[in-house]
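Participant: Just dropping this structure here.
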Amino acid sequence: MTGSCARELIASSGLPRPEAGLLLQRAARVSRTWLIAHDDEPLPEDAVRRFQDWAARRRAGEPVAYLLGEREFMSHAFTVTPAVLIPRPETELLVETALAHLAGRHAPRVLDLGTGSGAIAVSIALARPDAHVTATDSSAEALAVAAGNARRLGARVDFRQGSWYDALRDTPALPFDVIVSNPPYIASGDVHLSQGDLRFEPPQALTDRADGLQALRAIASGARPHLAPGGALWMEHGWDQAEDVRDMLRTGGFQEVASRRDLAGIERISGGEHPG
Ligand code: GLN
């Protein structure tokens, strides 16, 4: 039998083997092991059709996460749509750093600004079920995706719509122990915006349409009144922005200002503490 078996579909897909394998596995709703063991058996017609549709869209550049409608982050499966940024593995560093700051604090309060898919807020809420997690986004569409993720994964998160701290206008003015954000930090005109997956992601999640530091500045300069004494602000940023972000944090009166490197060795997040 030829044509509709896994081996031939993958070989003729024009995609890298691991990527084609993943798409076929999902299209046929089978495990990776099954696919390898039965790679010369004909697959059902609907699975073949679904795979060929996905493979064509992938060849045209659509991100795998949008085709599958899902991306794993902190070992949880998050639903993603083109309304939200696709969670990146390096952002797990932001979650781990926030969780480390919360260790030993009972029922901590956490704020995630610009939550997108909710990956950060939901992961923190799942790791710390005693935490009060608030997550904001200016996009109602993104908040619907995030709320769906919280519901499906069983996380308790309070979602609020609005730009940065404006989203908190109707919430009790209680200070947070940690504020985290992965804001848009790519400068307008950056060539990466017209390459790869980024072409398909929401521009407002990627770029401030300015120098790349505007959102980071707005979040850093507005944080103090929302932080408890000893509370921390941590933000993700671009590969060349760590020094600028540390400067804005020090200027804003933060202490213990530091940056952390991701697994690629790039200073990926910076943060500091409210002296109280
Ligand atoms: N990390 C993303 C990228 O460079 C950008 C995400 C963001 O701007 N927050 O692909």
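In case you wondered, yes, glycine gets a Cβ from its N, Cα and C as well.
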Participant: Given that TrEMBL lists Gly114, Thr115, Gly116, Ser117, Gly118, Trp164, Asn182 as binding S-adenosyl-L-methionine, which residue among Asp130, Asp137, Asp190, Asp197 does it place in the same site?
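Facilitator: For S-adenosyl-L-methionine, TrEMBL names Gly114, Thr115, Gly116, Ser117, Gly118, Trp164, Asn182; of Asp130, Asp137, Asp190, Asp197, the listed one is Asp137.
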Participant: Within 10 Å of Thr115 (S-adenosyl-L-methionine binding site) (Cα-Cα), which of the binding-site residues Pro183, Pro184, Tyr185?
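Facilitator: Cα filter at 10 Å returns Pro183.
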Participant: Check the binding-site residues Gly114, Asp137, Asn182 for any whose Cβ is under 6 angstroms from an atom of ligand 1, and report them in sequence order.
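Facilitator: Among Gly114, Asp137, Asn182, near ligand 1: Asn182.
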Participant: Given the binding-site residues Trp164, Tyr185, which one is most crowded in terms of C-beta atoms within 10 angstroms?
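Facilitator: The largest 10 Å Cβ neighbour count belongs to Tyr185.
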